[in-house]
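Some notes on the structure that comes next.
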Amino acid sequence: MVDGYHSVPVGGIMELKYFFVTAAYILTTCDLVLSANTIINVTLVDGETPNEGRVEYFRSEDSTWASACGDGLASAEAPVVCRQLGYPGANNFLAQWPYGDGTTVAQDRLDCDGNEENLADCSLVSTTFCTNKGGVICYESGYTGCYPYPASAMSSLGDFQTLCENGLQDSTIPNCVSLCHDSNGIYTYAGLYKGNMCLCGKASTTIDQSTKEADRLCSSPCTGRTIETCGGANHIALFNITLYLQNTKRTASPPGCAEPTPTQTGGESDHY
């Protein structure tokens, strides 16, 4: 005892210092998240259609819009952006939106778990330095979901027909929907697969939504527009033709079938 206080060994003093420094660091780190602004509005700008563009948001403590830091846009954040804007899913996200310049980039990044209804429920984490302005492409109305393919769970759709055996020459969502729609009106659904394959399906029953999987699994770039996706290697992005055509802001180019590759036409083979 020294003057009524317990003496502390030198090693103990070092441990106490370490404890206080660590505690201060934890508190400071937490403050970076807890004291951040709340996002009260979001929009997409500089896109070809309203469902895509650079993500800009308005925060509660600011007086101007800011471009979202691309470092904070990924497969968890993109669906929340699209959900808040009323779209049925997220097609793709880009760390740097390639069109336009936009507002000053926000020096904080989004941190979502992907299930939030809007960005106000996500965290904003301060970042030291960010220059890239991220963008998102949302699916338009008519998008039904990303499903495993081929799979028995899709049997309610009937047999899918591949109208272009080698895929579309310029595969995009509107081109595939247009191809299926123009085939005597016998198809109800259009599906995109592997980036260039367009499949058309009939359906008389409701699709089993329980088989739907995360949008991020439909991640193969479209051959006709590589910033968006057209299904996945083992998943099909499915669209209700009628609903899509009623709501889309995009126009299709005349869809053409891709030419077969040399190996498909009996060209040189690796087997002797």
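Glycine is no exception: its Cβ is also placed from the backbone N, Cα and C atoms.
Here the structure is a predicted model, which means the values were calculated and not measured.
In TrEMBL this protein carries:
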type	residues	note
COMPBIAS	261-272	compositional bias 'Polar residues'
DISULFID	Cys112-Cys122	disulfide bond
DOMAIN	42-139	domain 'SRCR'
DOMAIN	140-242	domain 'WSC'
REGION	252-272	region 'Disordered'
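Within 10 Å of the C-beta atom of Cys112 (disulfide bond) sit 21 other C-beta atoms, taking all shown protein chains into account. The Cβ of Cys122 (disulfide bond) has Ile39, Glu77, Val80, Leu110, Asp111, Cys112, Glu116 as same-chain neighbours under 8 Å, each 6 or more residues away in sequence. Taken together, the residues in the domain 'WSC' (140-242) have a mean pLDDT of 88 on the 0 to 100 scale. Taken residue by residue, the domain 'WSC' (140-242) breaks down under DSSP into 23 helix, 34 strand, 46 coil.
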